[in-house]
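Q: Feature list, courtesy of Swiss-Prot:
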- 37, 38, 39, 55, 82, 103, 110: S-adenosyl-L-methionine binding site (BINDING)
- 281-332: region 'Disordered' (REGION)
């Protein structure tokens, strides 16, 4: 059964994303963040296209079954992380594809479901997992050290008051477990103050915790390099991101792949690498005034796109050294 219209995820920059993807008859495309299927639905309007939809959220996969039935076998849905898109394609007998589109971050559907624990706007269990495995946000809040919590809020949430927030959490959890979104939001609001018209005091802390719980930035790094490997020459990669951390990763990825490398004595395998992407969007595409008026969550969205060249995929760079679930929860 499809989710009701009230909880359907609106594909931000949906028309622009599909325009830059430029699907064509007979092409095979990966919708790496299926959500409510907005991109997939648009791609399937082109006769002869095939879509592999990926989402780590089994609720989204279940919600797409109607579209699968309507697609006459042209849509396949797979529950997986988008960092695994190359393996997913291989499992479907697909070696290379004509395009990959991804909408990075939490979906409106997830934000609007109180039981998922993503939003401070609704009281619910402090969960925040996009999938259904791994540590929940409540478990991280209960177990992480004060220093680790401060790093999580500062690095992933860009919260200037991260140390004060972490200190308040450690003091509060010694008295009562913090297991609901309201409890955490109320606690953060006592430490971080905002003026009328500014974002909610808990916005950055919730963002940082969510990104950490889902390893979102690592996933994005891996998904971009996976897309590079599976795209045919002439295939397109289109990425919509929603905050500066994500956009910086996407921008740097295209910048590195969009120019020839002269090599590095630190990474000899990079010698004489030719550009693996031609950058299509010299500047990010942003939503129109009409779209942001209809969907305020779109206001921070940025779209970047590139076209795969015939050059070999560039070697995968090491992931940045930032807090991970394995390192933080392993220190309990």
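Each Cβ is built from the backbone N, Cα and C atoms, and glycine gets one as well.
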Q: At 10 angstroms around each C-beta, which of the binding-site residues 39, 82 has the fewest other C-beta atoms nearby?
A: 82
Q: Sort residue 37 (S-adenosyl-L-methionine binding site) into helix, strand or coil using the DSSP assignment.
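A: For residue 37 (S-adenosyl-L-methionine binding site) - judged by DSSP and reduced to three states - the answer is coil.
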Q: Residue counts in helix (H, G, I), strand (E, B) and coil for the region 'Disordered' (281-332), per DSSP?
A: 16 helix, 8 strand, 28 coil
Q: Note down the number of other Cβ atoms within 10 Å of the Cβ of residue 55 (S-adenosyl-L-methionine binding site), including every protein chain shown.
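A: That number is 27.
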Q: When you measure from the Cβ of residue 37 (S-adenosyl-L-methionine binding site), which residues in the chain that are at least 6 apart have a Cβ under 8 Å away?
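A: Once residues fewer than 6 apart are set aside, residue 37 (S-adenosyl-L-methionine binding site) is near 31, 53, 63, 64, 67.
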